[in-house]
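Student: Features from TrEMBL:
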DOMAIN    6-72  domain 'FZ'
DOMAIN    121-384  domain 'G-protein coupled receptors family 2 profile 2'
TRANSMEM  123-145  transmembrane segment
TRANSMEM  157-174  transmembrane segment
TRANSMEM  202-230  transmembrane segment
TRANSMEM  250-272  transmembrane segment
TRANSMEM  293-320  transmembrane segment
TRANSMEM  340-366  transmembrane segment
TRANSMEM  411-429  transmembrane segment
REGION    557-585  region 'Disordered'
COMPBIAS  559-571  compositional bias 'Basic residues'
REGION    631-663  region 'Disordered'
Amino acid sequence: AGLRNAPRCWDVIQPLLCAVYMPKCEDGQVELPSQTLCQATRAPCTIVERERGWPDFLKCTPDRFPEGCPNEVQNIKFNSSGQCEAPLVRTDNPKSWYEDVEGCGIQCQNPLFTEKEHREMHVYIAAFSSVTIFCTFFTLATFVADWRNSNRYPAVILFYVNACFFVGSIGWLAQFMDGARDEIVCRADGTMRLGEPTSNETLSCVIIFVIVYYSLMSGVIWFVMLTYAWHTSFKALGTTYQPLLGKTSYFHLITWSIPFVLTVAILAVAQVDGDSVSGICFVGYKNYRYRAGFVLAPIGLVLIVGGYFLIRGVMTLFSIKSNHPGLLSEKAASKINETMLRLGIFGFLAFGFVFITFGCHFYDFFNQAEWERSFREYVLCEANVTIATQTNKPIPDCEIKNRPSLLVEKINLFAMFGTGVSMSTWVWTKATLLIWKRTWCRLTGQSDDQPKRIKKSKMIAKAFSKRKELLRDPGQELSFSMHTVSHDGPVAGLAFDINEPSADVSSAWAQHVTKMVARRGAILPQDISVTPVATPVPPEERANLWLVEADVSPDLQKRNSRKKKRRKKKKEVCPSPERCLGGSAAPLAPSAVPRLPRLPPQPCLVPEAAFTGGPWDGRRRANVFHLVTNPFCPESGSPEEEEESPGPRARTQSRRAGLAPIHSRTNLVDAELLDADSDF
């Protein structure tokens, strides 16, 4: 009677038992059951052979079951049909059948856990996945809010890592939509999804698997790229070498392609299983060997490679700090200490979570066979309950003796969600607060009174790029756009330069920037140009060029060529302070954009040459020394003294008339500084 709980076996065993126990008798002859009738029961009733074996009178021997006998008993309709005892359910899908019990499959709700444990686990997943999705979303929003400063390697890799864990958390939370969990982990016949994908089921299980697995593998591979980028960047500290230049495209190629190949391979072998406890579909819930090959092996490789680069990076920072203490400023040394501490904590958490994951999976692998054996005994016990009920025998107490620990499952999920949260901690810095403060002021239209910091290199470049404006209006102040203003990105602990003690600029240094521009000969009059050499310029770019040419008199060239006759002439500094004043300028309106302060009145530092007499005297004073006196020393001569001499210059211009404008080094730098897409 216990075979009634195996429906397909019960359908074929009833005619055989009827032919054996109640054979047809006619004219003093007994009709024996045929060999075909006996063999028809072997495949559907495999559980009998496996558990207890067939009795002798039901073994398909030729003397008991001869060939060629009629099988009229097969046409008899029986009034009892098979059924499936819980935790099995009736199904006609062969892919859902439980081992050796054809016609029955395991119910969708995992029988190894109780209903209470299911609810407890679902609450646990909802809480931790919500925390992970909130932390990772905050990290992504912080990067996007300050993308100009954040889109720099290696810090931007943390953006992609958090994006992967954010998408994966969405896959975990999808089960909490109305009716979504049953749609994901259950088949239409009420059995557990095993061996997906299948042609006659929806793709909800496969979609959740792709989201969770692909995101997880991409995130852990991005972790390797992050540690490698740290290692190479730390090695290049203090140099102009950019180790990641040209390699970032390979980062994306590797991190997106490898998980894709693994995902396609899993779908090809159809090893995606559903689990009602976790509420998702994943690889290897049924066959743990596939979970070991497609989950533990990649994570273990990531642990080895990423750990190597992480340790090397920390060693590099420690070497810089210990071997070159005198070359580091106090701020750089402090940032190195902070970075080493954060890397150490991050590495400890990463290694700890991975080891926890390995431990939980090994726990599953070593005990899965025992759990399956206990579950099988439970199924057989439930089948014997029917016999005991019909024969008035004591009903056995059926329970699963060995089953998984819910605590281990919680620890495993905690390690996975904790990894995502730890990846988001890199933006838990003071710089993040400043980023959101600036973003709030920008969105609400409020003024940001936070002092801006300008990099010295960009300030100098900006001052040189504004030399034309200084020439036209000597009294103006240099203003700087927000493209020039610098501040830390969200991952502030990794953005430091050991060659620059501070990003702040002293007021004394800023006051003398325009003096430096004049001293370096950057402020030139409009009628002076440098002879162009190098590559011709296209016609459409000629309007943007500023060709500078210095005409020198033949007498001066002759004196310079005679080195033996060259002597130093004592030069006189302009004694009049009023001559160096550029005139009073109207006060500028208050602005949040930093401006260079106006220069205080000072005696002119430009020497006056002792040229006397000659036709070139006025010309030289107007053109040559105007190179450095303007805009700080205004012209003292009359307009008549500045009229050009038609002699040598006219001949020079006539010879150059047929030439196209030419690029010079000054022109190229100027064009780069004035480019609208530049950082200045």
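Backbone N, Cα and C atoms are what each Cβ position is placed from, and that goes for glycine too.
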Student: Under 8 Å for C-beta pairs, could you tell me which stretch among 202-230, 250-272, 293-320, 340-366, 411-429 has the largest tally with the transmembrane segment (123-145)?
Tutor: 411-429
Student: What is the three-state DSSP composition of the domain 'FZ' (6-72), stated as helix, strand and coil residue counts?
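Tutor: Counts, helix then strand then coil: 30 helix, 6 strand, 31 coil.
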Student: For the transmembrane segment (157-174), find every same-chain residue at least 6 residues outside the stretch whose CB is under 8 Å from a CB in it, and list them.
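Tutor: Those are 125-126, 129-130, 132-133, 136-137, 139-140, 143, 150, 180, 184, 208, 211-212, 215-216, 218-219, 222-223, 225-226, 229, 251, 255, 279-280, 417, 419-420, 423-424, 426-427, 491, in sequence order.
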Student: Go through the chain and flag residues at least 6 beyond the ends of the transmembrane segment (340-366) whose CB is under 8 A from any CB in it; none is fine as an answer.
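Tutor: Apart from its flanks, the transmembrane segment (340-366) reaches 223, 230, 288, 291-292, 295-296, 299-300, 302-303, 306-307, 310-311, 313-314, 317-318, 321, 404-405, 408-409, 411-412, 414-416, 418-419, 422, 425-426, 493.
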Student: I need to check the long-range neighbours of the transmembrane segment (411-429): which residues 6 or more away from its ends have a CB within less than 8 Å of a CB in the stretch?
Tutor: 124-125, 128-129, 131-132, 135-136, 138-139, 142-143, 155, 158, 161-162, 165-166, 168-169, 216, 219, 223, 278, 342, 346, 349-350, 352-354, 356-357, 360-361, 488, 490-493
